[in-house]
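Colleague: Annotations for this protein, taken from Swiss-Prot, read as follows:
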BINDING   Arg86, Gly124, Thr125, Arg126  phosphate binding site
Amino acid sequence: MRIDNRELDQLRTVTFERNYTKHAEGSVLVCFGDTKVLCTASVEAGVPRWLKGKGQGWVTAEYGMLPRATNTRNQREAARGKQSGRTQEIQRLIGRSLRAMVDLTKLGENTIYLDCDVLQADGGTRTASITGAAIALIDALEVLQQKKKLKADPLIGLVAAVSVGVKNGEVLLDLNYEEDSSCDTDLNVVMTQKGEFIEIQGTAEEKPFTRAEADKMLAMAEKGIADLVKLQQTALGW
C-alpha cells in the first residue's frame with residue numbers, strides 16, 4: 001500500500017472539466033489527484049515561416065506554473081526574463097506528443113497552440129498536461145470543422161501520458177510528488193490510444209535499473225494509459 005493508500009498499479013483520481021474557460025477554442029481543467037492543470041487550445045490562422053507554402057498546419061505547446069503552484073512561491077519566469085531548461089523541455093515534450101494526434105497535412109495553414117498552466121503541482125504535471133491538452137485539442141479541431149475551416153478530419157487518435165517509478169523494488173503507477181522525489185527510478189511514458197509509444201523518458205535517480213524493471217514499468221504504464229484513454233473517451237462522450 002502506498003502513501004495515499006492506492007494500489008501499486010492504481011491511478012490517482014483523474015477528472016477532466018471541458019469548456020473551463022469561454023474564449024479558447026478548447027479548454028480543459030485536468031486533475032490527477034492534487035495536480036491541477038488548465039489546458040487551453042487556441043487556433044490561429046497561419047503557420048511558422050519555415051512551413052509557409054507547404055500546405056500543412058502546426059501544433060505546438062507552452063507550459064508554465066503559477067507562482068504558488070508549489071509548496072513555496074516561485075518567481076514567474078516572465079519576471080526572470082527567461083524560461084528554465086525544465087520548462088523548455090516539458091513544453092517541447094507536450095508539443096511532440098500532441099502532434100502525434102493530428103495529420104498536419106489536413107489541418108490547413110493553421111496553428112493550434114496548447115497552453116498548459118499548472119495551478120497546483122503534486123507530481124506528474126507534464127503527464128497531466130499531455131493528457132488534458134489532448135482533449136482541448138480535439139475540442140479545437142471540432143470548432144474548426146464547425147466553421148468549415150477544414151476539408152477533412154485531421155484527427156488520428158488520442159494520446160495520454162503517465163509516470164511510473166521503482167521504489168524499494170516495487171513498481172508504482174502515477175507518482176505523486178512525495179513518491180516522485182523519493183523513487184529510485186522514474187519514467188514518463190506517452191502513448192497513443194492504439195498502444196504505440198510516442199516518448200519514454202527515464203532516469204535512474206538513486207540507482208541503475210534493470211531491463212526486467214524497465215519492462216515492468218513499461219507494462220504498468222501501458223495499463224495506466226489504457227485506463228486514461230477510457231477516461232478521456234468518457235469525458236468526450238465517445
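Glycine is no exception: its Cβ is also placed from the backbone N, Cα and C atoms.
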Colleague: Non-local Cβ contacts of Gly124 (phosphate binding site) (under 8 Å, 6 or more apart, same chain)?
Modeller: Phe32, Thr35, Val162, Ser163, Asp174, Leu175, Asn176, Asp180
Colleague: Take the mean position of the Cβ atoms of Arg86, Gly124, Thr125, Arg126, the recorded phosphate site. Which other residues of that chain put their Cβ within 8 Å of it?
Modeller: Tyr63, Ile90, Val118, Ala121, Gly123, Thr127, Ala128, Ser129, Asn188
Colleague: Please report the three-state DSSP label of Gly124 (phosphate binding site).
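Modeller: In three-state terms, Gly124 (phosphate binding site) counts as coil.
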